[in-house]
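Colleague: Take a look at what Swiss-Prot says about it:
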type	residues	note
ACT_SITE	His37	active site, proton donor
BINDING	30-37, 147-150, Val176, 184-187	ATP binding site
BINDING	Gln61	beta-alanine binding site
BINDING	Gln61, Gln153	(R)-pantoate binding site
Amino acid sequence: MKQLTETQQLKELIAQYRSEGRTIGFVPTMGFLHEGHLTLVEKASKENDIVVMSIFVNPTQFGPGEDYEAYPRDLKRDARLAEQAGADVLFTPSPSDMYKGEQNVAVQVKRRTDVLCGASRVGHFDGVATVLTKFFNLVKPTRAYFGLKDAQQAAVVDGLIEDFFMDIELVAVDTVREEDGLAKSSRNVYLTEQERKEAPMIYKALQQGAELIRDGERNPETVIKTVTDIIENTSGVIDYAELYAYPELTPLKTLNGKVILACAVQFSKARLIDNIIIDIDEWERS
C-alpha cells in the first residue's frame, strides 16, 4: 500500500492509473477506522482495480461547540487496517494542503440539509460537500463508497454528483452493526458501560417503526411516536426522530415510495445516529 501526504503526489499517481485504464474506487474517511469503513474498502476492492482511501479530519465540517481537536486519531493503526482490508493507496493530507490559505470558492448545499443532522449542524454539509469536491477532483474515482449509517450525507453526495455532472458512481453500503444491532461508529468508544448497554435500543426502536410501516401504517406521526417511546426508556436524549422521502429528504403527510426513518440520540459524551431506509412500494409488491 502506498501512503501519500501531498496532493501533487496523489495527482501524479492518479494520472498514471488513468493512463493505464484502471478503475478507481474511493473511500473517504475521517479515520479512527472501524469495521464499517473496512467493509467499504473490501467492497471497493472487489469492484475496482485500485482502491484509494483518504483519512482527513476535515475542519470545515465541524460546527460551533464541536471539538475538532478532540476527534479521535490513530494513523498508525488506521494504516495497518486499511492495508489489511485491501486499500492500495492511503492519502492523508494536512489541512494546509487541502485548504491553501483563504478559500476562493466553497460549495453551499441548498437542499437535503435542513432536516435530520443538518438542522442542528448549520454549515456542516457545506464543509462535507466542499472537501468531497476537492477529493473527487484529485482522485477522479470511477466509484465512491459511502455507508448508509450517515444516510443524509449519502443523499447530499448523490445531489453533489448529479448537480455537478460528475462521472462518478455513488455506491451506498448498508450499515455495519455490532451483534446487538448497534451501528458501528468511531463515537461508540465514548459510551459509558451503562450507555453501551442501552444504545442498541436505538436500532430496536427503528425496527419497531419499520415493522409498523410493513404492517400498513402510513401516518408518519404514529411511526415516530413508537420510536420515541422506546428510546425514551434509555438515558439518552433524543435530538430528533423523523421520517422523510429518500433521498430527497422532503416531508410526507402519507408514507409512500422510499422513505428514511432516522434518529439521533445524545448520550453523555456521544451523539449516535441511525436509520432504516424502507422501500414501501417494494414491500407492497412482495
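In case you wondered, yes, glycine gets a Cβ from its N, Cα and C as well.
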Colleague: Provide the number of Cβ atoms within 10 Å of the Cβ of the residue listed as 'beta-alanine binding site', excluding the reference atom itself.
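Modeller: Looking across every protein chain shown, the total is 21.
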Colleague: For the C-alpha pair, I'd like the distance in angstrom between Met30 (ATP binding site) and the residue listed as 'active site, proton donor', rounded off.
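Modeller: Checking the Cα atoms of Met30 (ATP binding site) and the residue listed as 'active site, proton donor' gives a distance of 10 Å.
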Colleague: Which ones in the same chain are close to Gly36 (ATP binding site), with CB under 8 Å and 6+ residues apart in sequence?
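Modeller: Expected: Gly147, Lys149, Thr175, Val176, Ala183, Lys184, Ser185.
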Colleague: Can you grab the distance from the residue listed as 'active site, proton donor' over to Ser186 (ATP binding site)? Cα atoms, rounded to a whole Å.
Modeller: 10
Colleague: Mind giving me a neighbour count for Gln153 ((R)-pantoate binding site)? Other Cβ atoms within 10 Å of its Cβ, every protein chain shown.
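Modeller: Excluding its own Cβ, the number within 10 Å is 25.
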Colleague: Counting distance between Cα atoms, which of the binding-site residues Leu33, Leu148, Gln153, Ser186 is nearest Gln61 (beta-alanine binding site)?
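Modeller: Result: the closest of the binding-site residues to Gln61 (beta-alanine binding site) is Gln153.
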Colleague: To the nearest whole angstrom, state the Cα distance for the pair Leu33 (ATP binding site) and Gln153 ((R)-pantoate binding site).
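Modeller: Just about 18 Å between their Cα atoms.
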Colleague: Round to a whole number and give the Cα-to-Cα distance in Å for the pair Ser186 (ATP binding site) and Gln153 ((R)-pantoate binding site).
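Modeller: Cα-Cα distance, Ser186 (ATP binding site) to Gln153 ((R)-pantoate binding site): 16 Å.
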Colleague: According to DSSP, folded down to helix, strand and coil, what is Gln61 (beta-alanine binding site)?
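Modeller: SS state of Gln61 (beta-alanine binding site) = helix.
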Colleague: Quick check on the binding-site residues Met30, Leu33, Leu148, Val176: which one has the highest count of other Cβ atoms within 10 Å of its Cβ?
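Modeller: In terms of Cβ crowding, the pick is Leu33.
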